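TrEMBL annotations:
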type: COMPBIAS; residues: 1-12; note: compositional bias 'Basic and acidic residues'
type: REGION; residues: 1-23; note: region 'Disordered'
type: BINDING; residues: 63, 67, 308, 407, 411; note: Na(+) binding site
type: TRANSMEM; residues: 83-101; note: transmembrane segment
type: TRANSMEM; residues: 132-154; note: transmembrane segment
type: DISULFID; residues: 165-175; note: disulfide bond
type: TRANSMEM; residues: 258-278; note: transmembrane segment
type: TRANSMEM; residues: 298-321; note: transmembrane segment
type: TRANSMEM; residues: 333-358; note: transmembrane segment
type: TRANSMEM; residues: 398-423; note: transmembrane segment
type: TRANSMEM; residues: 430-452; note: transmembrane segment
type: TRANSMEM; residues: 464-486; note: transmembrane segment
type: TRANSMEM; residues: 506-529; note: transmembrane segment
type: TRANSMEM; residues: 541-566; note: transmembrane segment
């Protein structure tokens, strides 16, 4: 063994002292020389400053607009309590396991949503499909933020503009002020007829702000200048959040994850004093048993669960890829799924209390008579209730739309970050801040279509085909790829090595049976009775709109066969059959990123995933307790036995802080 000169010693110590914040050089040790060489696989990867920022970023992503806006809307559309029971079942048996699956995939390899599929190269297209879906949702999320920003600004008026019927924009023959409806209901006992009258809040939203057409026969129209400005500002905030990657987004997560809970709880308390509020809450939790057996309710529960947790969109893999290798993601997944459930329930109670109030003041016989579908739920129903508040309605309006904006920024930033992460892996020569800026500019330009008069029509169409339909397919294929092709035994072996815990029957049952079979069964039944999407209570889309939706779906799914062909051509093999076999096997790039983790993992795999672990544990514990016993450990593993006497050269001062020897010993043991 050649003695190390001072420069090599310094490089070795620097690599150890900087780990794991910097990916240190590959260590190739043999009996003749010690060579330190950095490779492309071990490029520096920015890590979270602390585990709390990772956890809060995941919470901000998962409890964002998908909960506050979409969850109550989907629940209302599918019967309130009839939807809640399937949703909770799906969350426990499908959502939570899939969330943990994606956390583990990203953390184990420290790679992006595409490269993580080196575990099964044939399925690399799933990463690109997820990016397209994430991009589609992110662009219309920012348009919702833009509308919320406009309402936020209008909330500072002395009189909330949507609380009165203004002849400049309202149809005075049908417009009814919400406050006047309440007065008539209380004093004269008259009944508000929903089919003949339209609230001032709805007319303000559809006629004044959106200039919404009756159909799309003449196209979506031109962007509204007011919403265009708000859309630009929303993308500026998203860009600023992501400009330095996780270093900047992690700091913002303290606000985007925590403040919404304060706002939602405050609104819920205020709403609980409204007449009819508890009737709305009761509708939210009372199941309609005849609807629970409908396949479309279960399909809606699954897609909403994915939407809420951001499962199969890519952000989960992206966030966890910036973790340390031993991060306790089992705990994190439990906390995040619990917080997501709590937030969904809080959002449901908050919004349904308002629906109960509107049912009371309008004299509607059932909740089905209220318009509360899609974005109308947050921009018509809730503003209507706020307008009828006796005390400082402006304050509650500001609070409501502030919560909506913050939730939107948390979700949109995570989705856009997924796309940027994949692009950055492909175009390393472009600095991150420039790539982030270009991506946000592109998002703003695409988002202009959502601030046109027909923007909400297009939003619902993109949500159906690009935000839910495609994600359902991706989630099914993701599960099949990991557990039926890569293999559940290999997957759980990797988890045992990374986390040091064994996973019981619940996890294996969910991953290997319930999720793939359950998703496939619901999907088949749904397709048999498939219905094209409609807008705002049954308004039909033109043929060109439906064609656009199918093309959006195809643009994501086509990435899978294209990537399969590319992976097949890049896979070595003597003949077609061998190359096909190899493309469905994990390649050498599927590995822990750092060399010490990878070396220990290779040894662990040689021991059959720890099944021959008696001697492994003995040597590991002895090495941990007494460095002198490390010699025996190296002798046991013949692949590095020749390097046993070299460790003194690496580590002349055993008590020095964070040396490479300590890192390797700690990871192996």
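Each residue, glycine too, has its Cβ placed from N, Cα and C.
Keep in mind that TrEMBL annotations are predicted by a computer and have not been checked by a curator.
Just going by CB pairs under 8 A, the stretch in 132-154, 333-358, 430-452, 541-566 that sits most against the transmembrane segment (464-486) is 541-566. With pairs at least 6 apart in sequence, the transmembrane segment (258-278) and the transmembrane segment (333-358) have 3 or more Cβ pairs within the 8 Å limit; the two touch.
Listed as Cβ neighbours of the transmembrane segment (398-423) (distance under 8 Å, sequence separation of 6 or more from its ends, same chain) are residues 57, 60-61, 63-69, 112-114, 127-128, 130-131, 134-135, 137-138, 141-142, 144-145, 148-149, 151-152, 155-156, 234, 237-238, 241-242, 245, 249, 252-253, 255-257, 259-260, 263-264, 266-267, 310, 313-315, 318-319, 321, 378, 382, 386, 432, 435-436, 439-440, 443. DSSP classifies residue 308 (Na(+) binding site) as helix under the three-state reduction. With respect to their backbone Cα atoms, residue 308 (Na(+) binding site) and residue 175 (disulfide bond) stand 35 Å from each other.
Around residue 175 (disulfide bond), the same-chain residues six or more apart in sequence whose CB sits under 8 Å from its CB are 165, 197, 198, 199, 200, 203, listed in sequence order. The binding-site residues listed here are 67, 308, 411; among them, 411 has the most other Cβ atoms within 10 Å of its own Cβ. Taking pairs at least six residues apart, the transmembrane segment (541-566) and the transmembrane segment (132-154) share three or more Cβ pairs below 8 Å and count as touching. Close to the recorded Na(+) site, the chain also has 61, 62, 64, 65, 66, 68, 71, 340, 343, 410: residues not among 63, 67, 308, 407, 411 whose Cβ is within 8 Å of the site's Cβ mean position.
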